[in-house]
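S.K.: Before I ask anything, here is the structure I am working with.
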Amino acid sequence: MASNNLNVLNALDTAHTQWYHVTAVVIAGMGFFTDAYDLFCISTISKLLGRLYYYDPHTHAPGKLPHTVNNWVTGVALVGTLTGQLVFGWLGDKLGRKKVYGLTLILMVICALSSGLSFGYSRKVVIGTLCFFRFWLGFGIGGDYPLSATIMSEYANKRTRGAFIAAVFAMQGVGIIFAGLVLMTVSKVFLMRYAGKAFSTDEVFSTEPEADYVWRIVLMLGALPALLTYYWRMKMPETGRYTAIIEGNAKQAAIDMGKVLEIEIQAEGEKLAKFKSANDYSLLSNEFFQRHGLHLIGTMSTWFLLDIAFYSQNLTQKDIFPTMGLVSDAKSISALREMFETSRAMFVIALLGTFPGYWFTVFFIEKIGRFKIQLMGFFMMSIFMAIIGVRYDYLKTKDHKWTFAALYGLTFFFANSGPNSTTFVLPAELFPTRVRSTCHALSAASGKAGAMVSAFGVQQYTQDGEVHKIKKAMLFLAFTNMVGFCCTFLVTETKGRSLEEISGEDENQNETKMKGRPVSGGHQDDGWD
C-alpha cells in the first residue's frame, strides 16, 4: 500500500546510512557515557568514602558508610535522573527537542565538576554537598534519556533505526570501560607515590590522606566527554518530524533535512494540514489509550522490572566481589589498594560481559528484532540469577570463584544484549511524534523507579554481605526477570517499519489500534506463530 507520509519523512526513512548518522550517535550518546561513568565510579568511590570519613577506632575495622548514607550517595543521582526524565521529556514535546537538549549537557558538566569540589568542615557537610550535586547531575543525565532516544529515532532510516538507537545507548558500555580505566589509572598513580600499609598493620594510615584527592579527580573527569560534545550538539537542527508535524512548518523541515541528507526535498503544505489534523490527540485522551495504552504499560513495566535487577547487579558488585575472591579482604590492604582491586574486578566483568552485550544488540537488533531479543534477555538473566541464588554456597568457595564470575558476567551480557537495550529502543519507536518524548520519559522514569528499589532496597538488604541475604536477593531478582519476560508480550515488534506506520500517524492501517485486540501481538507481528 502506498504511504501517506510526507516527502521529508519518506526521505528520512529511506536515506542510506551516512556520516551524519554516526556523528549523531556520538553526540546523542554522551549523556549515556556520563551516566555509565558515574554509576560505575560511585559504587567503588563509596567504599573509599567510608574508609576516609567513617573510620571508627573502636570497631577495629575499615571505615564503612552507614547504610542510610551509602544509599543516598549511590541512589540520589537516580532520584535526580527520574525527575530529569519527566521534566525534560515533557519539555521535549512542548518546546522542541533541540531547544532543551544543550541544557542537559551544561548540567552534567557543572555538576560533575562540582561533585569533585564537595569540601566541608565535617563529613556531614562533605557528603551532603556531594549528594546535592549528584542529584542535579542525575537531573541532567535524566533529561538526556528521552531527548537522545527521540532525536535518534526521528533522524534514522527505518532499516537501521533500531541499531542506531541501540548504539546511542551502547555509549554506556564505552563509558563503563572509560570509567574502569580512569579508576585504575588514578588509583595506581597515587599508589605508586603514596601507598599505605595494610589495615591490619596500621589502622589509621592504611587510609592514605592523599586518597581524598583520588575520588574528587575521578568524579571531575566525568565532565570532560560532555564538555567536548556541547558545540556539536548545539549545531544539530531540530528533527524534521517535530518541525513538520508539531510546529507545522513543512518548508523548514524540508530545508533542514535536505541539508542533513544532502538532497532536495519538496515541502507539502496541504498534505501536512491533513496529516496534523488526523493526529491531534493528547496523552490523556481515549484515542491515545486505544492505540497505545497497553504499549505504554508494557514499556513502563518492563523497564521498571529490568532496572531492579540491572542496578542491583551494578550497585552491589563491590559487596559481591570479595565473596567471589576477586578482591582481597579489606583488612589485608590499604584504602587505595582496595579501590584499585575493586575497579579492576569491575572492569574485567564489564569488558567481558557488559560491553559485548551492548554491541551484540547493535549488530543483531535489526536481524532478530526487538521483541525476541528482549524475551531472550529476560529469560537468560532469570536462569543465571536463579542458579547463583540456589548454588551460592557452592559457588562462593575459592575453588569455584571463576565459575561464579562467569555466571555473574553472563547475567550482565544478557542484560545488555537484551532488555537493558530494548527497553530504551522501543519507547522511542512505538508512540506518535506529539507525545514520543513524554512517553519515553514515563518509561525511563519507571526504570529509574526500579533502580531506586534496587538502591534503597536490594542494596541495603545485601550490604552486610551475609550469605543467606545475597541468596534471597538473587532469587528475588530472578523472579523479577521472569515477570519482565511476561510483560514483554504487551509490546509489539517495530522492526522495518516507519515511525508513522508503527504509531498509526500516516493513517494507513492504524496497526497499533487496540480495539478488539488488546495486545498488538509482538509474537504475532514477529512471525512467532
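Note: Cβ is positioned from N, Cα and C throughout, glycine not excepted.
Not my notes, these are from Swiss-Prot:
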type	residues	note
TOPO_DOM	1-21	topological domain 'Cytoplasmic'
TRANSMEM	22-42	transmembrane segment
TRANSMEM	72-92	transmembrane segment
TOPO_DOM	93-99	topological domain 'Cytoplasmic'
TRANSMEM	100-120	transmembrane segment
TRANSMEM	125-145	transmembrane segment
TOPO_DOM	146-163	topological domain 'Cytoplasmic'
TRANSMEM	164-184	transmembrane segment
TRANSMEM	212-232	transmembrane segment
TOPO_DOM	233-291	topological domain 'Cytoplasmic'
TRANSMEM	292-312	transmembrane segment
CARBOHYD	ASN314	N-linked glycosylation site
TRANSMEM	345-365	transmembrane segment
TOPO_DOM	366-374	topological domain 'Cytoplasmic'
TRANSMEM	375-395	transmembrane segment
TRANSMEM	406-426	transmembrane segment
TOPO_DOM	427-472	topological domain 'Cytoplasmic'
TRANSMEM	473-493	transmembrane segment
REGION	500-529	region 'Disordered'
CARBOHYD	ASN510	N-linked glycosylation site
S.K.: Quick check: do the transmembrane segment (212-232) and the transmembrane segment (292-312) share at least 3 Cβ pairs under 8 Å, counting only pairs 6+ apart in sequence?
M.R.: no
S.K.: Please identify the stretch among 22-42, 164-184, 292-312, 473-493 with the greatest number of Cβ pairs below 8 Å relative to the transmembrane segment (125-145).
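M.R.: Comparing 22-42, 164-184, 292-312, 473-493: 22-42 has the most Cβ pairs near the transmembrane segment (125-145).
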S.K.: Below 8 angstroms Cβ to Cβ, which residues of this chain, lying six or more residues outside the topological domain 'Cytoplasmic' (93-99), approach it?
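M.R.: Beyond its ends, the topological domain 'Cytoplasmic' (93-99) has Cβ neighbours at 147, 150-151, 154, 236-239, 242, 246-247, 434-438.
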S.K.: Same chain, outside the topological domain 'Cytoplasmic' (366-374) by at least 6, Cβ under 8 Å from its Cβ: which residues?
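M.R.: Contacts with the topological domain 'Cytoplasmic' (366-374): 159-160, 162-163, 302, 417-419, 421-423, 425-426, 488, 491-496, 522-523, 525-526.
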S.K.: Using a cut-off of under 8 Å between C-beta atoms, tell me which stretch among 22-42, 72-92, 100-120, 375-395, 406-426 contacts the transmembrane segment (292-312) the most.
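M.R.: The listed stretch sharing the most Cβ pairs with the transmembrane segment (292-312) is 406-426.
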S.K.: Can we call the transmembrane segment (100-120) and the transmembrane segment (22-42) in contact, meaning three or more C-beta pairs below 8 angstroms at a sequence separation of 6+?
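M.R.: Yes, the transmembrane segment (100-120) and the transmembrane segment (22-42) are in contact.
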S.K.: Under 8 Å for C-beta pairs, could you tell me which stretch among 22-42, 72-92, 375-395, 406-426 has the largest tally with the transmembrane segment (473-493)?
M.R.: 375-395
S.K.: Sort the residues of the topological domain 'Cytoplasmic' (93-99) into helix, strand and coil with DSSP and give the three counts.
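M.R.: For the topological domain 'Cytoplasmic' (93-99), the helix, strand and coil counts are 2 helix, 0 strand, 5 coil.
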S.K.: Averaged over the whole of the topological domain 'Cytoplasmic' (146-163), what is the pLDDT?
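M.R.: Looking only at the topological domain 'Cytoplasmic' (146-163), pLDDT averages out to 91.
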S.K.: Apart from its near flanks, which chain residues at least 6 from the ends of the transmembrane segment (72-92) lie with a Cβ under 8 angstroms of it?
M.R.: 35, 38-39, 42-43, 46, 49, 65, 99-100, 103-104, 107, 127, 130-131, 134-147, 150, 311, 315, 437-442, 444-445, 448-449, 451-452, 455-456, 459
S.K.: When you scan the chain for residues with a C-beta under 8 Å from the topological domain 'Cytoplasmic' (146-163), skipping those not six or more beyond its ends, what do you find?
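M.R.: Answer is 12-17, 20-21, 24-25, 28-29, 31-32, 85, 88-89, 92, 97-98, 100-101, 104, 169, 236, 239-242, 260, 362-363, 365-366, 370, 424-425, 427-429, 433, 436-438, 440-441, 444, 494-499.
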